[in-house]
Structure formats: structure tokens, C-alpha cells
Amino acid sequence: MRAPYTVFTGDCWLLAAIASLTLNEEILARVVPLDQSFQENYAGIFHFQFWQYGEWVEVVVDDRLPTKDGELLFVHSAEGSEFWSALLEKAYAKINGCYEALSGGATTEGFEDFTGGIAEWYELRKAPPNLFKIIQKALQKGSLLGCSIDITSAADSEAITFQKLVKGHAYSVTGAEEVESRGSLQKLIRIRNPWGEVEWTGQWNDKMSFNDFLRHYSRLEICNLTPDTLTSDAYKKWKLTKMDGNWRRGSTAGGCRNYPNTFWMNPQYLIKLEEEDEDQEDGENGCTFLVGLIQKHRRRQRKMGEDMHTIGFGIYEIPEEFTGQTSIHLSKNFFLTHRARERSDTFINLREVLNRFKLPPGEYILVPSTFEPNKDGDFCIRVFSEKKADYQVVDDEIEANLEEIDVSEDDIDDGFRRLFAQLAGEDAEISAFELQTILRRVLAKRQDIKSDGFSIETCKIMVDMLDKIYREIDVDRSGTMNSYEMRKALEEADDQLVIDFDNFVRCLVRLETLFRIFKQLDPEDTGMIQLDLISVSQQLPSPYS
């Protein structure tokens, strides 16, 4: 299934999601707890629950609703005394920041926040041959379904067709049945208009033939429910895995494949597909799974001038030499020489990008990214699979091979001896200030390093590690180190995301000190330590003693 996404203006997308919510009493009771009314124990507040990036969040609102000329401004019921949908919308606006934040969206966004499910899109002009059966199975499992008609211009928005269908409008699919008519089976679809003002006037009236459905509508959206939502054992449930991550400017926000120098810096996740599907309906063996990449809290940030990032992902097959390893972050060279086995259909500025895939058993790397590099954001990835699969974050392990440096008399340069003797005096010892003078004179001869000199703090803790490390990582020989170059040695960058030699040395010295202290606290080399408040407050021995 591959189809573009649909975004609705206004809050029509939310209306369709609320309408579909009413078709499942169990899900509705989770979002809108039943023990609330305007009579018994009424306190002027109402409680609602929404799914937010892996957990259910309770939202409390008061009973005041925005009106104009005595009419509700936003969602309202045809029944003048029914307010639960308007209060639900108010709670949803609260969790997203404001009512304005709800302007424009996809129906599936509401589906997911009401159910915790994961949504798929189908382009009806290119519908798969088994789509009717897919719809039936989805309805039998309690899935939420929505459909819509594309608009080609602003004038088309809310335009009514000859058969009384509204363009750019979100509808709910509520039924799919086969009935016998004139000696043949007829496939029928039942569709609900959440506004309830205009209805289909073609054949079958209250229902619509499946062929007419494919002809008149453009998109179908299905929200598959999570295992915890499907309480009945009668249904075959998806296996669900969720992983959280983030993109950080100058560190893990590498952008898409158009930026080969930084793409590899994006977070990487290992997917292990081990069991093939039991029911191979399409005749192809493999493992079916859905991947959904969601960017977090972007609607809430609209009032601060932010909006949705353009996001997508790629899936890469792991070469045999890397199979079974979880501590190797694939490098730039790998992505320059390997194509994605699968990828999201597009990069788009919606909250979620989702696709269904079917791949042979094996190990794969999932790489989520923004389209452009240096875009800060948080995200979560959900993987729905028919069979259980393993998933985990992949990154390089940081090892500390702390070798003692043995410097002989022959290793000391004659020029350095003279400079040292000049500054050290008769006691042959130098203070941090004298060391600072020596280093400034030495550094003045190096045109390839950018520095304003060494601070006293750095001189107090400094070790000699110039050529071996700094010049290896400063690959562009700029004399400064951007934060991507610094990744291998960890970073201590300024607000311009560059680091000079002074801060670099200070960072590495502190890092080595931490490694030495860690090794003292981990004498059996387990890779883990446990600290209580007493241990933390104790004076640790010097790692260099």
C-alpha cells in the first residue's frame, strides 16, 4: 500500500475522528469516562483521556465553552442539550496548546490519539484487489475508518457534488457488507457524514455500492488498534514495539540522504525479523510489519512560531559482516555505497509518516530523519508486526583504553628543554601560569589550530594529545571542530556548534578522568556501577595517583 497523505482545513478531520469514536463504546468509554454528568456529584469539571506518544494522559477541563451569538463556535451536536463532543474538543485543544493548534490535520491523527492505534492510507484510484476484504476485517476488529474526496483548488473546498458529497470533507466508514440483489452479490459500504447536513443521493441511498465508493472517493484511512485496546481474544492482534528518540542540531539531526556528510549521524534502530507470516494472502513469503514515525508536541509549539518538520525514514539491510552486532553505528561510507531496501513513501510535514512493508527474515537498520539537517525535535517510532520481532537502538560503544605514557629523556625536544628551563627556574617546576606561557608559545607556531590561548583551568588538567586525536577528527583541516566531527570524541561545543583546541583538550582530559574513576569503582570490569548518595558525596581518590 502506497498513497499520499490528506490534510483537511479547519477541524473537520477531528470531527470525523470523533464520529468514528462513537461506534465503539469500549474505546469511547476510555476517552470519555462514563461516570460524569451535569447532575450527580457535579463539580464543573470533566475528565478525558488521550493517547500521547505511548502513554494515556488525563486532561481536565472546566465546563465553559466558547460561543458566538449564543451558538457554540466549534464542534457541536445536532442535539442542543448534548455537550460531550464540544467538551472533548476543548480537552483535545488543551493538550495541543489551543483551539488554533487544531486547524488542519489528517483524520488518522485524531484516530490515533483516541485509540493509541496506528493508521494506514489507501489511494482508492489504485486500490488493491482485496480492499473490500481489508475493510471488512478492519471493521470486525473494531478499527476506525475514514474516507475523503480530494480537492484540486481552494474553490473546491466544501463544494457539494451532484450526488451530495462534500469535497475536502472527512467521512466515517461504518459498515461493509455483501447483499444479494437480482441474483448476484452486491458489495455495499455505509458512510457517515459527521456534519449530518447533506447525504449521498445515488444508488442504495443510505448505503453506497463499493464500485461507487471507489469512483467518488479519493482516500481511505484505517486506524489499526493496539493489543491493549483489543480486549477480545477472538481477534488476531498485532505485536507492538515503541522506541523514543530525538534529533539534535549539530549532533543527531543529519537530514535526509540528500546530505551524505551528515545523514549517517541520524539515530539508527535495529530491526530483527525472524518469523514469516502464517497467512501469506498475497502469495509472497515474508514478514509483514508497519512502521510509524511520529514527531512529538509540534502542534503545541505553533504558538511559538514552530510547525511540523518534514520527516521520513529509510530501511537498510545489514551486511553479513555486521549481523548480530548491536554496537556499530553505520558510518558515512556505508550509506554512500548501499541503497535503502525500503523507505517511507515521501517526506512530508505531518505529525506521522507510516508505511506497511513485507521483507524476508533478517536484520535491518531503520533510520528516521528530518528532510533538512539541524532541525531539533523529539519523535517516537512504533512498529506493528504480525510476528514477534526484536528492536533496539544501535550506537557505537565508548571504550576507554587508558595507557600510561612513558616519556624518556630522548623524547624531549632540545628547544622545549631550553624554554622549560627559562620559565621553570632553579626548582625545575612550573606552575599552571608558567605552563600556560609555554603552551601559548608552542601553539603560536601552529597555524592549523584556531585558539585564543589556553585557560588556566585547562593548563591545570592538560595532557598531551594534539596530533594523535585532534588532527584525526578535524577532517576538513579548518582549525576548528564542528559538532559532527566531535561526535567520536564527545562534544563541548559553543552556541555556534564549534569547539576550539583549548575546550577540546579540557573535554578529553575530563573524559579520561571519568573513565579512570569509573574503572576504580568497577574493579571486576562489568561495565556497570551503582552509586548511592553516600558514595557520590565521598571524596574519590585521584585517578592519577
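Glycine is no exception: its Cβ is also placed from the backbone N, Cα and C atoms.
Here TrEMBL flags Cys12 (among others) as active site.
Positions annotated as active site by TrEMBL: His169 (among others).
The local packing around Asn193 (active site), expressed as other Cβ atoms within 10 Å of its Cβ over all shown chains, amounts to 19. What TrEMBL records for Asn193 (among others) is active site.
Positions annotated as domain 'Calpain catalytic' by TrEMBL: 10-266.
Annotated domain 'EF-hand' per TrEMBL: 461-496, in sequence order.
For 1-29, the entry in TrEMBL reads signal peptide.
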Using a 10 Å cut-off, grab the number of neighbouring Cβ atoms around the Cβ of Cys12 (active site), all chains included. 22
Do me a favour and check the Cα-Cα span between Cys12 (active site) and Asn193 (active site); whole Å is fine. 11
